[in-house]
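Worksheet for the structure shown next.
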C-alpha cells in the first residue's frame, strides 16, 4: 500500500520570539521541518503534504530551495483551528486506498526506525499511534485504554485540559504521530467537533471514532523520549540540538571513530569516517564530509563539503571548504583551504597559508604565510614563506602555473597570468610578472647597498 505523509507546520511559534515560522528554526543547520521531510522520504512516501500557516511565503521559499523533487505539496491552513482541522486541509489530496502518516514539523528527532515500527504495527483494518510513557506527562494528551477480549485496548485520547482527576494519573501520553487509512481518516475528520475546552478540532478525537467502528488501535513506542519532543522556545531548541549531536557522536564512535570529547563536536550535514579516525574537541563538520582511514583532526577545525584522504593530519584551527585532500597530506595549524582547492598526495600546507581554486601537486609544500589563488602547482614544488599569487587585477582573475620541482623563494609575488617553468628558481623578495623558463633563476629585487657608519635619528627630548 502506498504511503502519504502529512506534516503539520502551521504554528507561529510565538515563544521563539522570531519572525521565522517555528518549523524553520534549525537543528544542525537544517530547519526542523527539513529533518521531518527527510524522514518521510526515507520511509518511501509517495506524497508529502506540508500544512502551513504563519510565514507561508518564507516557509515555501525555504523548503522549495532546499528540497528538490515533485513529492512535496504545500497546503494552507488559513485559520488555526486545531490539529484535526490542520490535517483536514490535506484531505482533498488523500486517496482512500493509501496509508496516511501524520508528523509534526517541530518534532525533528523521530528516528526512521521508530516510524517503521509504527507502520508495521498498524492492523490491516485499523490504525496505529505512537505513544510514550512519561514520568511527568503534564501537558500531553493521555491514552485511555479498556480491557477488550483480555487485552488493554486503546479506546480514546483525552487532552490535558479535558481530563478528569483519574485520567490525569495516566502516564502513557500521545505524541500526536499516527497512521491511518486514507478513507478512514477523511471520514473521521469530517465528523470532528470543536465542543471542548479549547474550542478546537482535535485530531485525537478520531481515536474514539475508530474504536466506535470496532477498529483496533495499535501502538508503537520510541526508544527515547527525545524522539517525540518538540521545540516551542529556544531553550527547547537547544536541547534538541544537543540531543541530535549526541546521537551523531554515538553513531560515529560505534562506526570506529575516536572523539576526544563526544559533547564537543557538531555535525551539520553528513559525516562519514573510515577506521582509526581521531577527532579532537570543538570541530564542526558541515555539508558532505568524508574522512578516510587514519585521518587525524586537531582541535577547533571547521570542515565543509570536503573529502579527506587516508593518513591525513589536519592540525588545529584549520578551516577547509569544498576541498579535496589526497592521502598522506598535512594541513595547518591555522590553514585555510577555500573552495576549489586540491592537495595532491603527500603535499603540505602549513600555518597561515590560504589556498583558493588551487591545485598543490604531489609532494609540494607551502609551509608558511602564503596566499595561493587560481594556481596550478606541479610536483615537489617548494613555496617559500610569504609567497603571494597576485591573481586579481581589479576586474579579472588570472592563473599562475608553477612547474615540477620549482623553488619559489620567500616573500615573492607572482603576478598572474604567469608561468614558472620546471625546476625554475625564483629568488627571495622577487616580483615576477614574466614567464620564467625551465631551469632558470629569476631575480627582480634591487641590489643591496650598505652605508658604513650610519647613525639612526635620535629622538629630541
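Using N, Cα and C of the backbone, Cβ positions are placed for all residues, glycine too.
According to Swiss-Prot, the protein has these features:
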REGION    1-234  region 'Pyrophosphorylase'
BINDING   8-11, 22, 77, 82-83, 104-106, 141, 159, 174, 232, 338, 356, 371, 382  UDP-N-acetyl-alpha-D-glucosamine binding site
BINDING   106, 232  Mg(2+) binding site
REGION    235-255  region 'Linker'
REGION    256-461  region 'N-acetyltransferase'
ACT_SITE  368  active site, proton acceptor
BINDING   385, 391, 392, 410, 428, 445  acetyl-CoA binding site
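The DSSP secondary structure for residue 382 (UDP-N-acetyl-alpha-D-glucosamine binding site) is strand.
With respect to residue 232 (Mg(2+) binding site), the closest of these recorded positions in Cα terms is 8, chosen from 8, 368, 391, 392. Of all the binding-site residues listed (106, 159), 106 sits in the most crowded Cβ setting, with the most other Cβ atoms within 10 Å. DSSP places the residues of the region 'Linker' (235-255) in helix, strand and coil in these numbers: 20 helix, 0 strand, 1 coil. When the recorded positions 11, 82, 105, 159, 368 are compared by Cα distance to residue 410 (acetyl-CoA binding site), the shortest distance belongs to 368.
Listed in sequence order, 427, 428, 429, 430 are the same-chain residues at least 6 apart in sequence whose CB falls under 8 Å from the CB of residue 445 (acetyl-CoA binding site). Note: the CA-CA distance between residue 106 (Mg(2+) binding site) and the residue listed as 'active site, proton acceptor' rounds to 47 Å. Here the candidates are the binding-site residues 8, 105, 338, 392, and by Cα distance the one nearest residue 368 (active site, proton acceptor) turns out to be 338. Annotation for residue 392 (acetyl-CoA binding site): spatial neighbours 373, 398, criterion Cβ-Cβ under 8 Å with sequence separation of six or more. Here the binding-site residues are 232, 382, 391, 410, and the one ringed by the most other CB atoms within 10 angstroms is 391. Taking the binding-site residues 11, 82, 105 in turn and counting surrounding C-beta atoms within 10 angstroms, the largest count is reached at 105. Counting every protein chain shown, 16 other Cβ atoms lie within 10 Å of the Cβ of residue 368 (active site, proton acceptor). The two recorded residues, residue 159 (UDP-N-acetyl-alpha-D-glucosamine binding site) and residue 391 (acetyl-CoA binding site), show a Cα separation of 66 Å.
DSSP classifies residue 8 (UDP-N-acetyl-alpha-D-glucosamine binding site) as strand under the three-state reduction. The binding-site residues in question are 8, 385, 428, and the one with the fewest Cβ neighbours inside 10 Å is 428.
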